[in-house]
Amino acid sequence: MRAVLAWKETIREQCVYDLAFKPDGSQLIIAAGLRVLVYDATDGSIIQPLKGHKDIVYCVAYAKDGKRFASGSADKSIIIWTSKLEGILKYTHNDSIQCVAYNPVTHQLASCSSGDFGLWSPEQKSVNKHKVSSKITCCGWTNDGQYLALGMMNGVVSIRNKNGEEKVKIERPGGSSSPIWSIAWNPSKDEHNDILAVADWGQKLSFYQLSGKQIGKDRTLTYDPCCVGYFSKGEYIVMGGSDKQASLYTKDGVRLGTVGEQNSWVWTCRVKPDSNFVVLGCQDGTIACYQLIFSTVHGLYKDRYAYRDSMTDVIVQHLITEQKVRIKCRELVKKIAIYRNRLAIQLPEKILIYELYSDDSSDMHYRVKEKICRKFECNLLVVCSQHIILCQEKRLQCLSFNSVREKEWVMESLIRYIKVIGGPPGREGLLVGLKNGAILKIFVDNPFPITLLKLTTSVRCLDMSASRNKLAVVDEHNTLLVYDIKSKELLFQEPNANSVAWNTQCEDMLCFSGNGYLNIKACNFPVHQQKMQGFMVGYNGSKIFCLHVYSMSAVEVPQSAPMYQYLERKMFKEAYQIACLGVTDSDWRDLATEALEGLDFETAKKAFIRIRDLRYLELINSIEERKKRGENDNDLFLADVYAYQGKFHEAARLYKRTGHESRALSMYTDLRMFDYAKEFVGVTDPKSSRMLMTKQADWAKSSREPRAAAEMYLSAGEHLKAIDIIGEHGWADMLIDIARKLDKAEREPLAKCALHFKRLKHHGYASETYSKMGDLKALVHLHVETLHWEEAFSLVEKHPQFKNDVFVPYAQWLAENDRFEEAQKAFHKAGLQNEAVKVLEQLTQNAVVENRFNDAGYYYWMLSMQCLDIAKESEEQRGEMLKKFERFQHLAELYHVYRSIQRYTDEPFSSHMPDTLFNICRFLLNNLTKDIPPGISKVNTLYALAKQSRQLGAYKLARYAYEKLQELHIPSRFQESIELGCLTIRSKPFHDKEDLIEGMMCYRCSTNNPLLNNQGSVCINCRQPFIYCASSYDVLPLVQFYLEEDISDEDALSLIDLEVPHTDQRAARWQDIDNGDLQSLRMDEGLDDEEEDPFTAKMSFEQGGSNFVPVKVSRPVLRAMSRRDVLIKRWPRPLKWEYFRSLLPEVSITMCPTCFKMFHSEDYELLVLQHNCCPYCRRPIDEPN
């Protein structure tokens, strides 16, 4: 610390008692004699003297806002002045004014006299005054303006609040023998507590907290203090007094040095706000302004930087980890030296040697190793492992840590620079630069210095490269000179340098600073510059240590520029070393790429490992493997490298040069650069061109350009791939074009085309393609799959071998679509009668379950006919099938009949006449003698019969029906009706109507049969079966007759058709109505003479017993019969035809030619008109038989 006099003024024969700075530091207010003087603080010129007091002015104070200041005088008055130097207010006390102080927050003024103190504020009219027991010598407000401290003659410090009430009383041990002469509050905002500095004339300096608790011990002074003042930030204290000088102290009271020596007592001293200027006021009228210059005391070794802080502390900073450690010395630190694990600190009376606790490079814990308790005067201090080196002008002294002087060197000129450059412990080397330009190397254990160089100008800064081969010097002309130590040759020089440092990790790199720039130089390449404020002091790897004002920082500097300089010269290994110091990822990539192109695979590999680029590492590994196998064509390696980098054309040229055209071609095709590939191939090689086309098409396909891909495949002759793409996208027109162009021998592509057409539902195109291929089976399947039955049938006509392939699926399709009759026919056409039967059986079962008895009857009839077909074709199954035929015929009739009963009982209206229903019920009950088929209800039948019998007068039968119903389980819906019927029928006669019984006459034996017959539908006398009308179920006048064994059906037919000549009368009697395929008999007139009829003669016997004797006829009888009287059921083989003779030719009877059911002609015609088909077999009336 140095104090430089800025200006000095003297006021003759007046003592300067007090002074105050305006808060902005521009003006200085001085209390001298009777006047208040206003000075310019910058140069000490007087601005204006202010008159107003009548006696000596003792004190002045400026308000913190800079608007007013106050002065207090021995004339007991206080004057308030504005910043424009005008007096605006005056008030008085009872005694002379000793001190004044403005509250820093509220601008309340405290004025203190010998016996009291007053508090005045602008908004108050009166001044509040408070008596005190002793004379007040000094006062001061806390930073927050809450409390006022008063120092008194009796050695007491009284702390009051804003209202003047005493809160704390500090009594000094000296009492009135140690009057308090000056107090000051620390203005620092960083302190946790308010700290009060108290100086008394017991020659003590003490520090207190607001609570009155003392901080630390009293500091003994060697003089009587008259004034205490803090620097603006509270880091230092200035104090003056009877020793005729102002001294600088730390905030803890450690004396640091003298500010300015005077000829008389220093009554007042103040620090200019926010600056290092101190103004003193003396008893002889002298006013002196000094500027304090705090020099930087510091030391650097590699990445550890030690510097002085607050004049008494040392902070060691690790520049890489940014860790800091503070060492409190509690004395003025004069010099600092640091080396490896040693730290030397010179204090006024001793030197402390510290060492690190451990060898860890990041350890920051220091402990005292040695103390050298001697006072040394030296310019420079250096520490080594076991010695300290003191430099005093021309002399260097080497002392051990025990303060034994081991060696001394005397130089020929002043020492300007000294640095430890390392070495074994106890034998370190020093680099010394002299004012006369000599540069020496000194070893601690060697008494003889070694001269390295002799310059013509003074040395300012020195450094030696890592391997001790080069020396960098900055001279006093700011020129950097770099020498080769061995040859003493000047390698290069650079202007504008104020400091220099070699990179500790790289031999050929140094950096220097100057003119606001940082300069980095590698080898003999041009300098790389970048802006940087401050002073460069070290260079480690990629970090440059820069000292700017008082702070040291590590600047991370990418070493890109020097790396690129090496790369330009193809010096890859050196560039790699530079990169290792620290460059960006993109710089690493550039280094790797350049080294790879320069075929320095080792460097490239290391660089790619740094940036973790596996792709290039794989390439390098493959090249190294190839080298091991004996490949040594660098052009080929370079071509691979170019290909990896995307320099494809250069790669292709190199491939061509090395005779590897195929590699170039595959490279282009893999990259989809087909145009370049075509250029490369040229038009000479059709095979390669075709391959290119295929690859291009593959790519187009994968890149979702299917149409282009398909066209390319076609031009490359890859029909299958093209067809697949076109088919997938459903471009039928394009596909049919291909199919038409293909040769019919190319079956696979054609088949694919057809498959796609099928999938796309283009039946015509698929058909055309299969036809072209001649694949008839596939064509048939196509027609079947697409349900184009007409085309399928026409194909079967030409090629009957595909019959089953068409008719079976056709039948199944019909069955699925509820077209069972047609399905039957289709199954038959396919020759699958059993299938047909199965379908129909299932249908019939469904119809019964669903109460569709009409359909059930029809299906049973169809089933019976199919069984007949099977019996006709298959001899093995004939017996079984004929039995089934009989059973199904019987069931068909039962269900056909029961439909009417079901409708009568379940539906509200019936279309049948009562007598028809009556007949139907009787027919059904006569035939239900054995098992009752599923779905047919005996209760419904008896119930219907009972109702109709009663209606028609068959009371006996009705009673019988009701009795039978009593035996059965009756549904609840009929319960009431039946019970009522049972009761009411008892009121009726116990017999049936005559005409009803007559209706049941047997036409063979003329026996009247009962209305119900438990033997079935046969005559009770002759057992002749009754033939019923299939609509009204009346008994028809027909008798079945059988032929003798030797007569065939054809013979019988020809015999009946031979008309025997009769009389004219007989000829006129018969009228044969032949309505298409229907046979009808009608007789206009009856026979006069029955005996002439051989058939009647044959039947005129009485039959008894239980066996049925059929009517058999011989040839003469047949010949005698008229064709008009005979009805023939022409059953197909193996069944025989059945013959019936009408005994009442006048009754017109019609037989259906398909189902051979007999009807009254009028009924039949009506039913056919209603349904347009036979009511039983549903044969359309216009269908040929």
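Going from the start of the chain as shown, residues are counted 1 onward.
Cβ from N, Cα, C; glycine included.
Note that TrEMBL annotation is computational and uncurated.
In the predicted structure, the domain 'IFT122 first beta-propeller' (2-189) carries a mean pLDDT of 93. Residues annotated as domain 'IFT122 first beta-propeller' in TrEMBL: 2-189 (among others).
Long-range neighbours of the repeat 'WD' (50-81) within the same chain, counting only residues 6 or more positions beyond its ends whose Cβ lies under 8 Å from a Cβ of the stretch, are 17-24, 29-38, 87-102, 104-105, 107, 109, 111, 113, 120. According to TrEMBL, the repeat 'WD' annotation covers 50-81.
Feature annotation from TrEMBL assigns domain 'IFT122 first beta-propeller' to 190-293 (among others).
According to TrEMBL, the feature domain 'IFT122 second beta-propeller' maps to 298-552.
Feature annotation from TrEMBL assigns domain 'Intraflagellar transport protein 122 homolog TPR' to 559-940.
Within its own chain, the domain 'IFT122 zinc ribbon' (1001-1039) has Cβ neighbours under 8 Å at 896-897, 913, 915-916, 919-920, 922-923, 925-927, 929, 949, 954, 957, 960, 992, 1095, 1099, 1102-1104, 1106-1109, 1111, 1127, 1140-1144, 1147, 1149, 1152, 1157-1160, 1163-1164, 1167, 1175-1176, counting only residues six or more beyond its boundaries. Annotation source TrEMBL lists domain 'IFT122 zinc ribbon' at 1001-1039.
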Tally of residues which DSSP labels helix, strand or coil - the domain 'IFT122 zinc ribbon' (1001-1039): 0 helix, 8 strand, 31 coil
Residue counts (helix, strand, coil, in that order) that DSSP gives for the domain 'IFT122 first beta-propeller' (190-293): 0 helix, 64 strand, 40 coil
